[in-house]
Amino acid sequence: MFYRKLWSQTENGFLSGYTCGRYLRSTVHLDENTLKPLSVSPNGRQLISSVSLCHCKKTHKVSPRQRSRGSFGYYSFSSPVPGGCLEPSDKDGIGKNSTSAYYKSEEYDITEAKVDSFPSPDGTNEAILVGGDMQEAVPLWQDFPKRWVIVLLCFAAFLLCNMDRVNMSIAILPMSKEFNWNSATVGLIQSSFFWGYLLTQILGGIWADKIGGKLVLGFGVVWWSVATVLTPIAARFGLPFLLIMRAFMGIGEGVAMPAMNNLLSKWIPVSERSRSLALVYSGMYLGSVIGLAFSPILINKFGWPSVFYSFGSLGSIWFALWLRKAYSSPKEDPELSKEEKKIIMGGSISREPVTVIPWRLILSKAPVWALIISHFCHNWGTFILLTWMPTYYNQVLKFNLTESGLLCVLPWLTMAAFANVGGWIADTLVSKGLSVTTVRKIMQSIGFLGPAFFLTQLIHVKTPAMAVLCMACSQGSDAFSQSGLYSNHQDIGPRYAGVLLGLSNTAGVLAGVFGTAATGYILQRGSWNDVFKVSVALYIIGTLVWNLFSTGEKVLD
């Protein structure tokens, strides 16, 4: 901490000020009669912590730490009896026997500042903040943009979402030994999650658009966290109870993506849309990495139930933060600054929540069907790569199960990194004036043609190292879809962003279910090359549909 003295000479004395902090860069010169600022030295930011009058007799401390930005205000100090340094100025309407020091500051930061004043006629000393747009200081982390607090909380929710989802793929091995499940039963348990997941995709979007994303996403996290914790108990009661509990977990996770999309459509301006969504979805990928990495450790040390108890309990911590910090829209947040609200709203008129879903209008729009078809084509290849790759590594590349498990993490890490790279690229292009429609088409074309190209190369590679490299590149380019079709729901219909994502993601989940089953059927009668050819064909179809019918303009109001 350092201090620097500012002073202005008057006829009978002088007015002095002490400035302190890290950002002191300017000096204010005050009029000797009115004490109003005459000039400010052009050294950058202004930082004024306090003003004191000469011939002080007592010292007062200003506390606690205070901070103000871009505000006008003044301090009023009791003036001395006649004959002191400054003449009384009650004509300004501030108060009898008081002197005003006006200043303009962009920022000031004081931890402990001295204000020296004269005794007033009644024997008291005062240092009073009379007016201006002044605010008590807050820790620096509270200056973090509120819209990005919402994004980070959604990121954490999706991190937990996939942690709770993938733990079963590890825990199913010791569970099947304990309960004597055959492969058919294991497949039934794994698929039971999608029963509930499919059920709430569209419903979650409707609820989010009508009652707000905060309530729906909060409900989803609590619901699936409770279902995760109850999974070991349900398994010990019997297979039917376990199937029901896994379906319940799918119900909770099914509302997450539509609710998140609704939230970000209200909180994030279009110039930040791609990178905010990319960050949230990268939470899913990192959640899979963490789940796959820590589940074996917990199972080896504490048994398979520990995975469900530990992962599921994390939802309570997230929910406590969510209730305290999250709001469904900027206009509901009492702590949101006017400056940030202006950035978020962008001059747009805030609309009331949706009461009726115009299904006929929605389904009559070609860009909506472009979303649905493209989501199906995209997820076909994605789900195949993420669910069948351990088998591919084992059968074709001859890796053992341990090495295969480690390599399963690589696509998730690649997708997490490239999703954020693509998000920043897309937002940069939009900020430089490129149309949203063009940006969405470019990014999604990369998300389709990139995986298609690397899968065609995978057919020809001969070494395991090159095969793994092609797989990683395929998934890395696939992640550009977060800035393409996954961002487009908010472009074409921000009021119905939840419903639109529910519709397209339902098609995406169906692609995962049918694609996974079809891959097994193809492998019984053909080869891995045939599996990859089907995926490439769907990627090309998706590219054509997307570039012909998609748009970045609003088509639903």
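We number each residue from 1, going along the chain as drawn.
Here the Cβ of each residue, glycine as well, is placed from N, Cα and C on the backbone.
All TrEMBL annotations are machine predictions without curation.
Features of the protein shown, as given by TrEMBL:
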- 148-168: transmembrane segment (TRANSMEM)
- 150-554: domain 'Major facilitator superfamily (MFS) profile' (DOMAIN)
- 188-208: transmembrane segment (TRANSMEM)
- 215-235: transmembrane segment (TRANSMEM)
- 241-264: transmembrane segment (TRANSMEM)
- 276-298: transmembrane segment (TRANSMEM)
- 304-323: transmembrane segment (TRANSMEM)
- 368-389: transmembrane segment (TRANSMEM)
- 409-430: transmembrane segment (TRANSMEM)
- 442-459: transmembrane segment (TRANSMEM)
- 496-523: transmembrane segment (TRANSMEM)
- 530-549: transmembrane segment (TRANSMEM)
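Sequence-distant contacts of the transmembrane segment (148-168), counting only residues of its own chain at least 6 positions beyond either end whose CB sits under 8 Å from a CB of the stretch, comprise 189-190, 193, 217, 220-221, 224-225, 228, 231, 246, 249, 253, 256, 260, 263-264, 267-268, 276, 279-288, 290-292, 295, 307-308, 311-312, 314-315, 318, 321-322, 325-327. Residues 274, 374, 377-378, 381, 385, 422, 425-426, 429, 467, 470-471, 473-481, 483-485, 487-488, 529, 532-533, 535-536, 539-540, 542-543, 546-547, 550 of the same chain sit 6 or more residues outside the transmembrane segment (442-459) yet have a Cβ under 8 Å from a Cβ within it. If you look at the transmembrane segment (188-208) against the transmembrane segment (304-323), you find fewer than three C-beta pairs under 8 angstroms, all six or more positions apart, and that falls short of contact.
Scored by C-beta pairs under 8 angstroms, the transmembrane segment (276-298) has its highest count with 409-430, from the stretches 368-389, 409-430, 496-523, 530-549. Comparing 215-235, 304-323, 530-549 for CB pairs under 8 angstroms to the transmembrane segment (368-389), the maximum falls on 530-549.
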